[in-house]
């Protein structure tokens, strides 16, 4: 009998864990290679994971809603087992596979707490609530961090994001004041009154928690500066109006404004390569590939699929890949590769009418481009007032490696490409 | 002898003498004041040490009866005879050796021993009254370690002959036929267990619902069962109306009973009172708490007066010799300017040296229930441990109470002849904030009695191995 471990896939270079949201099979079920086995949710992607092998699912090691580290074993498939006979035999099977499960870097939390002097109990509490032990002062013998230090940190919110801290504190306190006195709990949510205000308390989803953590981490890591430029999009509007029907007839998908921006950003990155880098200790890691992450808003959150090798694609190629990825994202069909390897990100908040935004950098990248709403405005051209479609675009950048002059050069390149559009669209 | 010290310790019990030694080792000039002729306090002279010697004699007496079962034939072993004067002699010799040892340690560590009744006259001033001769000593710091004494009750006249406390019981020159033990706490149960096995018909009268009221209910139930096999009648939820010496007997009237019971001896063991009288607390403005103990800051053991510290039985913390010692070493560290992590009393073990022994640490199951805290309880019997069978100590169990979320060990209760030795592993573990996994994954030698700890830990994790 040959067994194969099913691993939690790596969903992106900065992603260490994900929430296993749903099993499509149960122990004892037959499963085909590439058949959808389970679904996961990370801060960047909700996706269905296909089975790596055919056989019978003999063991499930992670329950639904468990947060699982990447590369840890979540299930075992046996190619020789008989379907339906496994349920009772699950225990011995578990014993046999426990060794690889334990040796995989499964139980490692995303935080590197290993080198900190802390009691085993303090570590457990810290692990559950994502507390960074290196940020705490130990009150135990020899300044060892003890359980109470971690609980105190959770209470004060030190070393964890405020959002995580609030959730964690509520989860830790056996009887919190509010829930004991005023809040009626129903399942994971609760209703009640806190400080005279009627409230509904709803636990964050796994995806929400991860977004919160990632955003706080980014703000803590990079000193953000945001520059704004105003761009005249009239030429783009005209080009699009002229070619959109023909474009759709030839290519099979709609011509939106996004490929124009993608193309302009690629040109700007080529002009200012430092925006396509990351910080590596005391060095700057310049990325030779331009992989544009493009945030897509979903009903249940936000994901950032990545257009690989953007600089090598044609205008149509950029548009087609973006269209494919957005479609996959909405249908939860994104593969791990689709969200991996981004080197620069674009956020299009303008679709909801927002004029100017200050997007947060998607770590470990060093800059993010934001597109505001397109609006018709009276503008002065050659000393005359004209009505043009205008838009504010921004660049949030990591001031550790990018200066205002770089940002200015980047934004003006984007402006120049868009205002003087001369790239064929068909 | 100088009259000026860095530290004067009043009281030479385990807290006092160990504190004095440590302070001297840290470079302080130290004096130890003791009112009695002996050193070592209650523990060494009229408490723990002689009591355990009496209990060991009882154990050997019991074992002697079982020699044949081990395959050891000794003439007359079926009916061994108890030589009670020798029991007392051996006990006194042990006490003498140990108290001499304390005297030696004082010399070795250059601690001045001052005989007489010490009292605080003012901040930094101690007066020692030795048979009416008063001498004043000055010092930078004072450590009060005056300990406690057996508690008396107003309606019971202790005559030291037939009605005794744990301080007079040592004078018994023969084993009484009958004895009432008023108070089923630690001291009462230990004497009941010893004398019951010597052959005395013992009656324990306890007011609470269980003997050893601070212990886990299952522990108390197991001990009750064991004591009954040792000639002891155990009456709980029981009050006495009167205890009166009549000639060579003592008449005891129990509430709710019509008849009066007659005993040869009555042991009054209803707790201990702190020795806080006449030591000058009022002169410096130290007020006692509502229960009569000296209030201190548990992060320094300093009283409300700077430079005056108190440790041991005069505090409301557990009245145990090892607790007092730990507090004294802590206070001395503070006096020496060292930083210390406060003592966590939940990692403070307690032991009762009955047969079988009881040892515990942390919370009892009822305390956890009452507090509403979630817990998992696991119990593993010594009867499943080979070495316990070999050693003929297969009675009792290890009970572990665990936090189900993080595996924190919330309480441990051991009933077994080796309980007092085994509890230290939990004291260390809890002090290091171990979880149940570390305990279960610690390799224990086999065969040993203590490997039950690993077994109980596995049981607490839901998968007992050898059961």
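Note that the numbers count up from 1, one per residue, in the order the chain is shown.
Any Cβ shown, glycine's included, is placed from N, Cα and C.
Predicted automatically and left uncurated, TrEMBL annotations should be read as such.
Look at TrEMBL and you will find B:5-328 tagged as domain 'FAD/NAD(P)-binding'. If you look up TrEMBL, you'll see B:43-B:48 marked as disulfide bond. Residues or ranges marked as FAD binding site by TrEMBL: B:52, B:118, B:146, B:147, B:148, B:313. Per TrEMBL, NAD(+) binding site is recorded for B:183, B:184, B:185, B:186, B:187, B:188, B:189, B:190, B:206, B:271. Per TrEMBL, the feature domain 'Pyridine nucleotide-disulphide oxidoreductase dimerisation' maps to B:349-457. If you look up TrEMBL, you'll see B:446 marked as active site, proton acceptor.
The Cα of residue B:118 (FAD binding site) lies closest to that of B:43, out of the recorded positions B:43, B:48, B:185, B:206. For the recorded positions B:43, B:48, B:52, B:147, B:148, a Cα to Cα distance of within 10 angstroms from residue B:187 (NAD(+) binding site) holds for B:48. When averaged over the domain 'FAD/NAD(P)-binding' (B:5-328), pLDDT in the model lands at 95. Listed in sequence order, B:13, B:15, B:42, B:147, B:148, B:272, B:274, B:275, B:319, B:324 are the same-chain residues six or more apart from residue B:313 (FAD binding site) with CB atoms under 8 A from its CB. The residues of the domain 'Pyridine nucleotide-disulphide oxidoreductase dimerisation' (B:349-457), classed with DSSP into helix (H, G, I), strand (E, B) and coil, number 40 helix, 29 strand, 40 coil. For the pair formed by residue B:146 (FAD binding site) and residue B:43 (disulfide bond), distance between Cα atoms is given as 12 Å, rounded to the nearest Å. Around the Cβ of residue B:206 (NAD(+) binding site), a 10 Å sphere holds 25 further Cβ atoms from the protein chains shown. Comparing the recorded positions B:52, B:446 by how many other C-beta atoms lie within 10 angstroms of each C-beta, the top residue is B:52. Counting other Cβ atoms within 10 Å of each Cβ, the binding-site residues B:118, B:147, B:185 show the lowest value at B:185. In this entry, NAD(+) is bound by B:183, B:184, B:185, B:186, B:187, B:188, B:189, B:190, B:206, B:271, whose most widely separated C-alpha atoms sit 14 angstrom apart.
Cβ-based neighbour count (10 Å, all protein chains) for residue B:48 (disulfide bond) stands at 21. Using Cα positions, the member of the recorded positions B:183, B:185, B:446 nearest to residue B:48 (disulfide bond) is identified as B:185.
In this structure, of the binding-site residues B:187, B:189, the smallest number of CB atoms within 10 A of the CB marks B:187.
Residue B:43 (disulfide bond) is 35 Å away from the residue listed as 'active site, proton acceptor' when you measure Cα to Cα.
Between residue B:43 (disulfide bond) and residue B:52 (FAD binding site), the C-alpha separation comes to 10 Å.
Of the binding-site residues B:146, B:148, B:146 has the largest number of other Cβ atoms within 10 Å of its own Cβ.
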